[in-house]
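**Student:** Below you will find the structure I want to go over with you.
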Amino acid sequence: MDKKSSHPAGAARDILIELRNAGVYRDGRWLVRNVDLSVERGEIVTLIGQNGAGKSTAAKMALHILKPDEGMVSHKPGLRIGYVPQKINIDRTLPLSVERLMTLTGPLPRKEIDAALEAVGIAHLAKAETAHLSGGEFQRALMARALARKPDIMVLDEPVQGVDFSGEAALYELIARLRDDTSCGVLLISHDLHLVMAATDRVICLNGHVCCSGTPRDVTSSPEYVRLFGSRAVGPLAVYEHHHDHTHLPDGRVLYADGTTADPIAGSTMGPRGHCHVEDGHHHDHEHHHHEGGQPRA
């Protein structure tokens, strides 16, 4: 089912986080103002904008790290948040294994650690030192750390920093898959205007305020977006909408809405024409991206 049509007409919206006319005022100026956004369960919402546009400030309001100087921010009662910050103060030269990283902010049952690492594709790196991880592997470890506490919503601030291009594609696909598997909401903050569009349901473009919002196609065709990022930003985006017409089965096969299947391992495609098939690049997971030694790195 397409996540963007997962709410039948008249059904109650399960809003996890909502900002209404929210703004932060510091040192005689508004860092960001008039921000309206909401994230529902099972939805990926992406904040995009250039450096200094107010993306991280808006995210901190959403997390209740910053109190708005105007407007309001509300959370669903009992909301559990998994947060992956833009920067994390860990000295990666010190001995620190991936499984130890998972418990830095509190103990976790072994089965929860194992399940989270498996979900992000790095179960084989549980005992690896974080200093030896690639950028993509380290980001996956941080996502696993957030995921292990079973959040209702994950807030990811620039999650592909320090990751190469193929690793970025794999991470965005992972984020979409985690949403599909757990039905959590996702608030994604990024200045990356390319691959992120393929993994999101709704885009909110910031430049000190909300310039435009809507589906990826709506936003990239809006005059406000073009004025902010320039006409060159429209063509290279290669925006496509990832319709969720399939389910990932426990044995690894992909089941499409019409009942046909595809086997990612064998590389065979048995789905109808027009689906996102396993060989067309839309289902590249962690183990499909390798460095020259054959080890998965992103």
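Note: Cβ is positioned from N, Cα and C throughout, glycine not excepted.
Heads up, here are the entries from Swiss-Prot:
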DOMAIN    17-232  domain 'ABC transporter'
BINDING   Gly49, Gln50, Asn51, Gly52, Ala53, Gly54, Lys55, Ser56  ATP binding site
REGION    273-298  region 'Disordered'
COMPBIAS  276-298  compositional bias 'Basic and acidic residues'
**Student:** Starting from the ATP site formed by Gly49, Gln50, Asn51, Gly52, Ala53, Gly54, Lys55, Ser56, give every other residue of that chain whose CB sits within 8 Å of the mean position of their CB atoms, in sequence order.
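**Tutor:** Once Gly49, Gln50, Asn51, Gly52, Ala53, Gly54, Lys55, Ser56 are set aside, the remaining close residues are His191, Leu206, Asn207.
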**Student:** If we count other C-beta atoms within 10 Å, could you say which of the binding-site residues Gln50, Asn51, Ser56 has the fewest?
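**Tutor:** Checked Gln50, Asn51, Ser56; of these binding-site residues, fewest Cβ neighbours within 10 Å: Asn51.
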